[in-house]
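Here's the structure, in structure tokens; my notes come after.
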Amino acid sequence: MYEGINLITAIITPFTVNDEIDYESLEKLIEHLLNHGSQGFVIAGTTGESPTLSFEEKVELTRFIAKQVGNRALLIANAGSNNTKESVEAAKALSKIEHINGILAVTPYYNKPSQAGMIAHFKAIADASEKPVMLYNIPGRTVVGLTVDSVIELAQHPNINAIKETTSTEFVEAEVEGATGFAVYTGEDAMTLSAYTVGGAGTISVASHLYGDEMSELFSAMNAGNWREAGRLQRYLTPRMNALFAYPSPTPVKTKLAEKGFVREAVRLPLIPLSDAEKLHLNELLEK
């Protein structure tokens with residue numbers, strides 16, 4: 001399923017002046033991303049502002065993207081939350097949508113469950129989903145995180161086949177070593193080269209909204225064994241990747257996409273657009 005899929009974009013959700021999903025802008029953005037290296041999309045994930053999307057909006061958004069993209073890219077729909085029952089119902093609904101290839105589920109935030117609780121949570125989602133589940137380990141946002149041992153245990157489930165791992169290259173390496181036939185993606189753009197060199201499958205990216213061509217070149221260089229060129233590209237990209245998280249994401253990437261005419265800067269509360277001073281600072285970081 002993930003063979004040859006290196007660059008997956010965690011796509012933003014654009015909004016109109018009335019705070020509705022801007023499907024016209026989204027349609028144009030999708031085509032742009034497909035033409036600039038994106039081989040897949042995570043729909044309504046963190047970058048897609050999932051916490052402020054209703055369940056109905058998530059279903060509608062997923063259907064729209066799935067219909068437009070069809071079989072041109074891998075599509076992962078986000079069903080995760082800190083409520084297992086709600087996640088199960090979301091997985092059931094989203095996995096039935098045509099052209100959806102997989103379901104993303106995040107470690108439960110705020111509740112602070114044990115490892116055993118998280119394992120039970122993910123197994124319940126996987127049991128309910130009609131499509132394979134990708135785990136999402138991001139303790140920087142959720143407080144709790146899966147251990148390598150828990151990931152390896154979950155990888156034995158017949159309907160769990162991948163993880164978006166944001167912790168460290170060491171975690172990526174250990175999961176690759178311990179889980180056969182299990183795709184390990186980094187969720188940190190700046191770890192693209194290091195994660196790939198230890199056996200990672202690729203990157204689930206925010207930066208690919210703006211630097212898709214360069215990231216595609218990076219993967220091409222690595223796949224060709226041209227490590228000096230890969231290193232050069234990663235050195236160029238890393239400060240720009242980090243700059244996109246200088247303020248609450250996805251605000252910076254939406255700001256830059258708005259400058260290019262793809263979307264409005266709009267984000268949903270409690271996120272707010274960047275101030276003029278913050279925009280100036282962001283541009284300084286991106287130009288270093």
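Quick reminder: no glycine exception, Cβ is built from N, Cα and C everywhere.
Taken from Swiss-Prot, the feature site 'Part of a proton relay during catalysis' applies to THR46 (among others). Long-range Cβ contacts of THR46 (site 'Part of a proton relay during catalysis') within its own chain (separation 6+, distance under 8 Å): ALA10, VAL106, ILE138, ARG141, SER249.
As annotated by Swiss-Prot, pyruvate binding site applies to THR47, ILE204. Within 10 Å of the C-beta of THR47 (pyruvate binding site) there are 22 other C-beta atoms, taking all protein chains into account. Under the three-state DSSP scheme, THR47 (pyruvate binding site) falls in the coil class.
In the three-state DSSP reading, TYR110 (site 'Part of a proton relay during catalysis') counts as coil. Summarising the environment of TYR110 (site 'Part of a proton relay during catalysis'), the number of other Cβ atoms within 10 Å of its Cβ, over all protein chains shown, is 10. The site 'Part of a proton relay during catalysis' annotation in Swiss-Prot covers TYR110 (among others).
In this structure, TYR136 (active site, proton donor/acceptor) is part of a beta strand by DSSP. On its own chain, TYR136 (active site, proton donor/acceptor) has GLY45, GLY80, LEU104, ALA105, VAL106, THR107, ILE163, LYS164, GLY187 as residues at least 6 apart in sequence with a Cβ closer than 8 Å to its own Cβ. As annotated by Swiss-Prot, active site, proton donor/acceptor applies to TYR136, with the evidence given as sequence analysis.
The local packing around LYS164 (active site, schiff-base intermediate with substrate), expressed as other Cβ atoms within 10 Å of its Cβ over all shown chains, amounts to 26. Residues or ranges marked as active site, schiff-base intermediate with substrate in Swiss-Prot (evidence: sequence analysis): LYS164.
Secondary structure at LYS164 (active site, schiff-base intermediate with substrate), taken from DSSP and collapsed to helix, strand or coil, is strand. DSSP assigns ILE204 (pyruvate binding site) to a strand.
Cβ neighbour count for ILE204 (pyruvate binding site): 29 (other Cβ atoms within 10 Å of its Cβ, all protein chains included).
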